[in-house]
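Everything on this sheet refers to the single structure shown next.
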Amino acid sequence: MRSFRDDESIHSMQSTQSDSQVSSAPGEKIFVAVRLRPLNEKEKARSDASDWDCINNSTVIYKHGLPEKSLFPSAYRFDRVFASECSTKQVYEEGPKNVALSVVSGINTSIFAYGQTSSGKTYTMRGITEYTMADIFDYIHEHNEREFVVKFSAMEIYNESVRDLLGLDNTPLRLLDDPERGTVVEKLTEVTLRDWSHLKDLLAVCEAERQIGETSLNETSSRSHQIIRLTVESSACEFLGAYNSSILAASVSFVDLAGSERASQTLSVGSRLKEGSHINRSLLTLGTVIRKLSKSRNGHVPFRDSKLTRILQNSLGGNARTAIILMSEKALVKQLQKELARLENDMRSVASVSTSGNSDSLLEEKERIIEKMSLEIKELTKQRDLAQSRIQEMLQSTSDNQVSKTRIAANYLSEAHEKRLWHSENSVSDSPEVTDPPHLNAASNIPYRNDRPLRHDNVNTFPQLPDNSEEIFLSDGSPNKFMDKYFGPDLSHGWGEIAQNNYESSEESFKEVRCVEMENDKDKCSETSSISSPLEGDGGLEHVLSDHTCEALKPKSTDMQATADKSSVCSKPTILSSSLFDTAISGSGDINILKSSSFKEVDTTMSEKSEKDVIPLDECEKGLAKTTKEPMINTSGGTAPIHDFTNENDFVGEKEQNTQTRRDPNSDSHIDGAIENKEVLKPDHEVIYEENTVQDTQKYKYEVMVKIDDGSTNVHSPEGQYPDWKLEFERQRKQIIQLWDACDIPLVHRAYFFLLFQGDQSDSVYMEVEFRRLSFLKQTASRGKSSRALKRERDMLSRQILKKYSTKEREALYRKWGIELKSKQRRKQLSRLLWNDTQDMDHIKESAAVVAKLVGQPSQAPKETFGLSFTP
Ligand SMILES: Nc1ncnc2c1ncn2[C@@H]1O[C@H](COP(=O)(O)OP(=O)(O)OP(=O)(O)O)[C@@H](O)[C@H]1O
């Protein structure tokens, strides 16, 4: 209401009002009066006598005296006291009248009646309301230079719920915080008063509607706080309708508080007891608020601690004026005395607790917790910022990437030639050199990289969703952001960085690598070490190469020597970087990366002769150990890399397998044939490498062969095409789908990945990274946590169904998914069905489409966010 007032006019009117009419104590905002009720018939019949006497207009004394040592005084002074013979009219005139009539001057006011049950609050307040209204009507009548509107509303607060006494139903009303008007009661009925009889009718309705109950002290005790509010709006007639006319508005609240008696006094039980506790609590808050308002203008006033004070905040705080009428009868005094004694006791015990050492330690403990939480918040903020900047970088780099990659690859290739990186034509080795293929081994190397932050915690955990994740999920149009935030960094994060780091490292390595003849174990190891030397200081790759690789190689190098004698071998480890891989795919270089199963001879030799270096299956399955073989790539013919996904058990770890060659049923025969027939192969330059590293109990076995083809010879197919990339792609995708299921990968991620990668040849790197990440996750992630996250994601998706599908579409959807149209929780049922059959590609396609529809279009997610980002 205050917001409607013109501030200047308020001030001027206020001062006029204060000078002439307002209370006898100018400046005092709270007026407190006491009214003594006359003895009622019952009390007279019992020959009760009043305990109090008014000795003058402002002092009451306790008639029977108190023991000398009593803490309580026997005389009390108020703004005004009214003896039992005073009429309500007199009480009004000499008491709250001035306060009440401030409303016509634009000042919010409130008048409270406080006292024990049956002390006469309702009786007094009814009279005061009527007298006030009569005076307001008179005032309006006398001031015809202004146009007035008086509105009437009434509510009660019963058990802390607000009810409209003029409303049609009993629905509790909500309190809303309006920036301009403060707390407002939503949907409260407000009636414009017509005349006197209208007012009487409304008061009668309120009386009839109010909650009453029988207590031991009052047969019709009011069990709620009642607030009758009159709002007076006025504007000067001469400005009526003018653009700059201002409306003066204020309200006066007549608050008939519920009985202040204590539960024990009214022998309360059950609902009466509950009422009593609500009443007492809100009265306590009111007391605190009034005390704080009367003491100082500054400091916190706990208006919000109860609905009563919240609703009355405008009528109590600020420039508002208040009159309180304390209703008195003899029981009240005893009650007050007891209350005071109790409060004093409470205060004493609080004081003693606060000085005890126990509270000190509690305080310390709390401070410690706060400090810890602050640190955690800081740390989390840091992590979030870091993640965000990574996303930025990655997206930034995406646009330049293709060009850069091509250029780098071209540079790299020419450099490689110059430095005789590649072996001569007949150097297809039976004894492949072993080294660490950085990008491909990026994931598996993670735990080694003790000089860098470990990434595995980023890739294998799914953080718990916050409670509000749904809103963020729903409000944020970008699925990537959502996934980044709530399901941890996507594969491109962290992995991308590792790939980037490794790319940089490997680029250096390439420069240093020389092709040498492998003479013996020692040489090999020393050569290997020498490769790593340029990386000294990096610590990561160096560590892998010098320590693990050499150690791992020792036992088998004798065997390798034999074959090395027969044929020249590229004894230098060649590091195949992601960028090279990627470039190969993009077709800028004449590279064939030969699938290692082609080199089964090599592999078998290795496996047989160096058994202890080969990871037994059970060990593989226990830890991170993994045997993979690189695919064959022939970019000269525009083919894509093919990953050997043949053995699904390698991913899902269900069955036993040997760590030797896994055959691709589609390609092995072809490749085997190619390998066996070296005449056909005739690679110009070929690099073979294999890595066997031991990482605590987790081991890897890895091999890749790289061939640089002059383009004239195609090792894979005479047509220059890989026989069936599409088929290979489908097989890879199926396995990824199974891994998604095994790792409880978020459905949003699956859907986007599925929809974005449709078999384009350039997708192969992404496929591979996804596969590796999932294999890693499969072995390390905590299933329980991620499956809970998945369940929550399904729930969130189910809630989106209503928004994204029309009723008709929904019905069609349910039918399609075999959900009974009349069954319960259809949306949830549907969300549970999504992605639940990893074998059925039609089902997967449908699931991806539904998820994409629920969260937005996949075009919003650039492919790069799923794969590696190579920034030079
Ligand atoms: N000043 C008075 N003169 C004559 N009768 C009175 C006076 N005050 C109260 N009464 C009578 O005392 C009885 C109790 O009064 P009332 O209902 O107003 O008490 P109350 O404080 O509102 O009680 P509760 O809190 O239980 O609602 C009523 O019958 C009322 O008419």
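Each residue, glycine too, has its Cβ placed from N, Cα and C.
Small disclaimer: the values here were computed from a predicted structure and weren't measured.
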177-225, 422-470, 520-568 - the range that TrEMBL marks as region 'Disordered': 422-470
Candidates near ligand 1 among the binding-site residues Gln116, Gly120, Lys121, judged by a Cβ under 6 angstroms: Gly120, Lys121
Which listed residue (Gly115, Gly120) has most other Cβ within 10 Å, given these are binding-site residues: Gly115
DSSP three-state assignment for Gln116 (ATP binding site): coil
Other CB atoms within 10 A, centred on Thr117 (ATP binding site): 27
Surrounding CB atoms that lie within 10 Å of the CB of Ser118 (ATP binding site), all protein chains: 24
Cβ packing number for Thr122 (ATP binding site), 10 Å threshold: 23
Lys121 (ATP binding site) CB neighbourhood, other CB atoms within 10 A: 27
